[in-house]
Amino acid sequence: MQAQPKASHFVNGAYLEDPAGAPIDVIYPATGAVIARLHEATPAVIEAALASAKAAQKAWAATRPVERSRILRRAVDLIRDRNAELSLLETLDTGKPLQETTVADWPSGADALEFFAGLAPSVTGETVPLGRDFVYTLREPLGVCVGIGAWNYPSQIACWKAAPALSLGNAMIFKPSEVTPLGALKLAEILVEAGLPAGLFNVVQGRGAVGAALVTDPRVAKVSLTGSVPTGRRVYAAAADGVRHVTMELGGKSPLIIFDDADVESAIGAAMLGNFYSTGQICSNGTRVFVQTGIKDRFLSRLAERTASIRLGDPLDMETQLGPLVSEAHMQKVLNYMQIAEREGATLICGGGRAALNSGFYVQPTVFANVTDDMTLAREEVFGPVMAVLDFDSEDEVIARANDTEFGLAAGVFTADLTRGHRVVGQLEAGTCWINAYNLTPVEGPFGGVKLSGVGRENSKAAVEHYTQIKSVYVGMGPVDSPY
Ligand code: NDP
C-alpha cells in the first residue's frame with residue numbers, strides 16, 4: 001500500500017519539494033509499513049511559505065466576503081464528492097477504521113468550511129452613536145495565521161483552523177503533525193482547485209522545530225495549536241514574545257458523571273464512544289467515568305459484555321470498529337499506563353494488553369474499575385482505549401472530585417433529572433459539556449477548554465473573535481473643541 005504525495009509541502013499554490021530536509025517516514029499503523037516518505041521543511045521552504053502568505057493576504061482581505069465564501073463552498077463540494085478516496089487516505093495516515101473516517105473526519109471538515117463560508121459575509125462591525133459624533137467599528141482579519149495540528153484528527157483539525165481563518169480574510173500556514181502529514185496536503189490541493197488564490201493556504205511538514213520557526217516569525221499574527229499541554233505551554237510562551245493571538249486546544253482528563261437514575265444503556269454507549277472511538281485518541285474523551293454506587297454492578301457487567309463485542313481488525317474492512325493506535329511509541333505508552341493501573345490497585349474488568357493480531361499497533365479496549373482519584377490513570381491523559389471507572393455517592397462529592405484536575409476541556413452528565421443535569425454542569429470546570437450525550441462536536445457549537453486545556457474556542461460564531469480584530473474609528477462631525 002502506497003500513499004506517496006506529489007511532494008512534501010504545498011506552498012504558493014503548488015506542491016513543493018526540498019530533498020535537503022530530514023526524511024519523515026509515514027507509517028500505516030495497521031501493518032507498520034512505510035507508505036510514504038516526506039521531507040521536513042528547510043528554512044527555504046518555511047521562508048517561501050511565509051513570504052507567499054504575507055503577499056497574498058492583503059488582496060484576500062479586500063475580496064468581498066461572498067466571493068471568499070463561494071470558493072470555500074466549491075471546496076466543500078469537492079471534499080464531499082471525494083469523501084471515499086479522502087477517507088481512505090485518512091485511514092492510511094492514522095490507522096482509524098474506514099467505518100469512522102468515512103463519516104467523521106473529512107465530513108466534519110467539510111461542515112466547518114460550509115459553516116464559515118455561510119457565516120463570514122454576515123460578520124460586520126457596529127456603529128456607536130455619540131450625539132453629534134460617532135464611532136464605528138471594523139472587524140478586520142488578523143493577517144497571517146499559523147495552524148499546528150495533532151495526529152488524531154489531522155484533516156478535521158486542518159479544516160477547523162483553515163475554515164474560520166480563510167473565510168474571514170486571513171492567510172494560513174499549516175504544519176501537520178509529522179506522524180500524519182498527508183491529509184492537509186489534500187486540503188491545500190482542493191482549496192486551490194476550488195479557486196483559492198495561491199499563498200493563502202500553505203502546508204509545511206516537519207517536527208516541533210518547524211512549528212517553532214513559524215510561531216516566532218514577525219510576519220505571523222496568530223497561532224492556533226491543537227496538541228498536548230507541554231507543547232501548548234511552549235508554543236504559547238513563544239507566541240507571547242511577539243504578543244500574538246493564540247488559540248490553544250490542548251489535552252484533557254474529562255469527567256463523565258453517571259447518576260443512578262440515568263438511562264444505563266445510553267450512558268454505557270456514551271462511555272464507550274467517549275473512550276474507544278478513534279481508539280481512544282480523542283482529547284475530549286470522558287476518561288474518568290464516575291458511576292453512582294447504586295448502579296455500579298449493573299453498569300460494569302453490561303459494559304464488559306458490550307466491550308467484548310467490539311470488532312478489532314483491519315481498518316480497511318468496513319465492519320472493523322477499533323483500529324490500531326497511531327504509532328508503536330504511542331502503543332508502548334498506552335500499554336505502560338495499563339501496567340501502572342494494575343500496579344496501583346485498579347481492578348481490571350476487561351482488556352488490559354496488546355491485541356492478538358499479526359501486525360500493527362493494536363491494544364485491547366480496556367476497562368478498569370475501582371479507580372481512585374489519586375491513581376495515575378485518573379490523573380494523566382492516556383490517549384488510548386482505556387476507561388477508568390470511579391465510584392461516587394453524592395452530587396456534591398462528585399462535582400468536587402470531577403473538578404479536582406488541572407485540565408478543563410470537557411465534561412458529561414447522565415441523569416433523568418434535567419434540573420440536576422443543568423445544576424451539575426453549571427458547577428463543572430470545563431469548556432465543553434454534554435447532558436445525556438457525549439463527544440458530539442457539531443461545528444455550530446463552540447469547542448474548547450478552560451484551565452490547562454486551553455484558551456480560545458474553535459467552531460461556531462465564537463471562532464470569529466479568534467480570527468478577527470476590531471478597529472475602532474471615531475468620526476468627528478464638527479469643529480474640534482480645544483482648550484489651547
Ligand atoms: P503534541 O503536543 O506532541 O504535538 C502537537 C503539534 O505541535 C505537532 O504538530 C507537533 O509536531 C507540534 N510541535 C511540537 N513541539 C512544538 C514546538 N516547540 N513549537 C511548535 N510546534 C510544536 O501533540 P500530539 O500530536 O501528540 O497530539 C496529542 C495531544 O493533542 C493530546 O494531548 C491531545 O489531548 C491533544 N489534542 C487536543 C485537542 C483539542 O482540541 N483540545 C484535539 C486533539 C488532540 P510533531 O508532532 O511533528 O512533533
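In case you wondered, yes, glycine gets a Cβ from its N, Cα and C as well.
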Residue among G251, G323, G345 sharing the NAD(+) site, where TrEMBL lists G149, A150, W151, K175, P176, S177, E178, C283, E381 as binders: G251
Listed recorded positions adjacent to ligand 1, that is, members of K161, E249, C283, K451, E458 whose C-beta is under 6 A away: E249, C283
Among K161, K451, the most crowded of the recorded positions [Cβ within 10 Å]: K161
Rounded to the nearest Å - Cα separation of E458 (active site, charge relay system) and K161 (active site, charge relay system): 8
Among V243, C283, the most crowded of the recorded positions [Cβ within 10 Å]: C283
Rounded Cα separation (Å) that holds between K451 (K(+) 2 binding site) and E249 (active site, proton acceptor): 11
